[in-house]
Amino acid sequence: MVCLGNICRSPIAEGIMKNMIQINHLNWMVDSAGTESYHVGEPPHPYSQKICQKYHVDISQQKARQFVVEDFKLFDKIYCMSKDVMNIVKHQAGSSFDENKVSLFLNELYPSENRSVPDPWYGEEEDYVIVYDLINKTCEKIVAKYKSELF
């Protein structure tokens, strides 16, 4: 799960997906990262934590990290929260880029529409609720789609 700074959208996605993995007894590994380094080592945004806590998703121990080329080797799927993030991931990957491995997160919920998860960074708490709901629905779709497949 990759967003810009790894403190708003992707930590929410990581937390929700980890909960779903546990509930569904899946042997998946999930992590999140940001394409930019300006929040490395910081916890998720306070609103991200508050909204997740409301839904019993604990992201309080997460720390922002930067996406690195080695992530292509570690993960079978890399979901980007927005088009600009996906373009940065493509650029960073260089020859390691694999179109089958990297996709826009919301294409799982809205196939071929190439929508971005809105960045709530400058928003209010209700913007984070909207983002949480969107991410939760998409994570449900991903689990339903892939839970019978072995990566």
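In case you wondered, yes, glycine gets a Cβ from its N, Cα and C as well.
Nobody curates TrEMBL annotations by hand; they come from automatic prediction.
Worth saying up front: this structure is predicted, and the values here are computed from it rather than measured.
For reference, TrEMBL has these:
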type	residues	note
ACT_SITE	C3	active site, nucleophile
ACT_SITE	R9	active site
ACT_SITE	D119	active site, proton donor
DOMAIN	2-145	domain 'Phosphotyrosine protein phosphatase I'
Task: Let me know the model's mean pLDDT on the domain 'Phosphotyrosine protein phosphatase I' (2-145).
output: 97
Query: In which DSSP state, out of helix, strand and coil, do we find C3 (active site, nucleophile)?
result: strand
- request: Count the other Cβ atoms sitting within 10 Å of the Cβ of the residue listed as 'active site, proton donor', across every protein chain shown.
  value: 18
Statement: Between the C-alpha atoms of the residue listed as 'active site, proton donor' and the residue listed as 'active site', the distance in angstrom, to the nearest integer, is 7
Task: Round to the nearest Å and give the CA-to-CA distance linking C3 (active site, nucleophile) with the residue listed as 'active site'.
output: 6
